[in-house]
């Protein structure tokens, strides 16, 4: 038996099946009495549980339970109707309600039944139904705002990812709960109507059966079947009334830290002044009216006692609060100052002037916090690295419309926003009809105009790219994080990436770390890739390349080159332009041989030892040809010998930062190559 009781899921399924069986199979009177009492037990239990929950989600099964209990009660109605009409007797419980509860008077019983129906249907059920509709609508309308608030707290570092996930799940559960309650309230409303119809059917059908089939007198049949029908109705509607009350409590209950009883005592009977006034008013009512003083004294005395208790409780609470404040002050005075908090450096900071607060604060309609969360997700998708939280704070030292982006406490970029304007980026040919304040795009340094709202549509029609202020800041932050992603990837982040990958590819991770390469080697290789704009999403291929190359060398530069060659398809795909293939710039063969001969190793790193004047002329010419190709809409890469790629890439980043440098070993055979020019210095 104990084993069966532990299978709660099976017990619930059997209960539902038994409810269906009751509709079809006649139930003996003794068993029916037990089932009726069980219905009352369940209803009272649900009501008391609803009163003792601190918040509705603690009883989230309530809508489903309401449906099951309603079906069970209707099954009981069918079973009792079958016994009343077939045997003229429906068991001891219904007989007791018919004789004892309503005084063996069918008229009184019918009136009591009607009053219960009216109270349940008109007052409780209709009110609970309306509250459920409003709660469901408001909960769904509030979901986006709550999600934005969670994202803002997460981006600001106030909560962790696990806490944010828990809050999102709670919001979804609240929406599901109130949506289900909106529909479940209809069950209670329909049950009240069905009970009234069932009583009328029982009385009419009982009269027909008693007079026509059993040859009873009309008065005897009317008395018998009316008493049984009203008793059946009361037995059914009292539990239904309890469930209706529980429904109203669940949908009208606000989330608190205590149950309903504690809240009632605290919020209703916790105000001594109101209780004293009520006590005096009752005493005055008893003295000046024929009611008399005796009925009033117990209530007025009780109100006075509760008022005295509320005063003592309020005084004790104030005393505890004062003692707690004094204890906190003493503990803070004894506690040594935590100096370590002063030396903590945030990985990424976004500081802004007070004039930009409306763009950042979600309570004022700003969505920049949400955009920052989207930026982190987008960069994780593009680069394969989870960047740290962006700490947002206002800075009174900045201009009101200025913002600063800092990495590890050092400013790396800044910009200025003109509130109430849009940034219009020139299409290349300026239109003199477009009036605005000249400026430069803070992200790419392109010429632009700050235009007003009435000029915005005209600028768009003239081919300008028009961007709102939050998008300007978001784009700037995105490019800064993308360019400096290699500086933000530390050993701890790499360890987390490896742990995540180990769940699905344990053999790949264990073959590299910690046996073949150290965590520092892997981190430096990944940083080298990110520094040149190579995503590290395909971490499996990267680790497999490191496992193969790590047995021959521990040099980070050589390991990086081996990984790049393994990622040839990914690298080439970044720079191909659809079906046009890859546009490349190459060096004159003689110049390339000269640079190969000038490659030297300094401090463990390769470099090219060219004369300063010749190097400047070379890179000046390289930048000119790259700029010319950019003007034709092409995005070329510099293609060089594998021995030259790494040292030349470091030099090129100083003069032409946006020009990728590839080696012949990194070309994908399936991609067509088009020459964009040959670089030479005479």
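Heads up, the Cβ atoms here are built off N, Cα and C, so glycines get one too.
TrEMBL: automatically predicted annotations, no manual curation.
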TrEMBL annotation of region 'Disordered' - which of the ranges 287-309, 310-332, 333-355 it falls on: 310-332
Among ranges 142-164, 165-187, 234-256, whichever one TrEMBL labels transmembrane segment: 234-256
Feature transmembrane segment in TrEMBL, mapped to one of the ranges 77-99, 192-214, 376-398: 192-214
Helix, strand and coil counts within the region 'Disordered' (310-332) (DSSP): 23 helix, 0 strand, 0 coil
Chain residues outside the transmembrane segment (105-124) and at least six past its termini with a C-beta under 8 angstroms from it: 98, 188-189, 192-193, 195-196, 199, 222-223, 226-227, 230-231, 233-234, 237-238, 240-241, 244-245, 247-248
For the transmembrane segment (34-53), sequence-distant contacts whose Cβ falls under 8 Å of one of its Cβ atoms, 6 or more beyond its ends: 22, 27, 59, 62, 65, 69, 72-73, 76, 79-80, 91, 93-94, 235, 238-240, 242-243, 245-246, 249-250, 253, 259-261
Outside the transmembrane segment (12-28), six or more residues from its ends: residues with CB under 8 Å to it: 35, 68, 71-72, 75-76, 78-79, 82-83, 86
Long-range neighbours of the transmembrane segment (234-256), counting only residues six or more past its ends (CB under 8 A): 36, 39-40, 42-44, 46-47, 49-51, 53-57, 59, 62, 66, 69-70, 73, 76-77, 80, 93-94, 97, 101-102, 109, 112-113, 116-117, 119-120, 124-125, 127-128, 131-132, 135, 178, 181, 184-185, 188, 191-192, 195, 198, 263
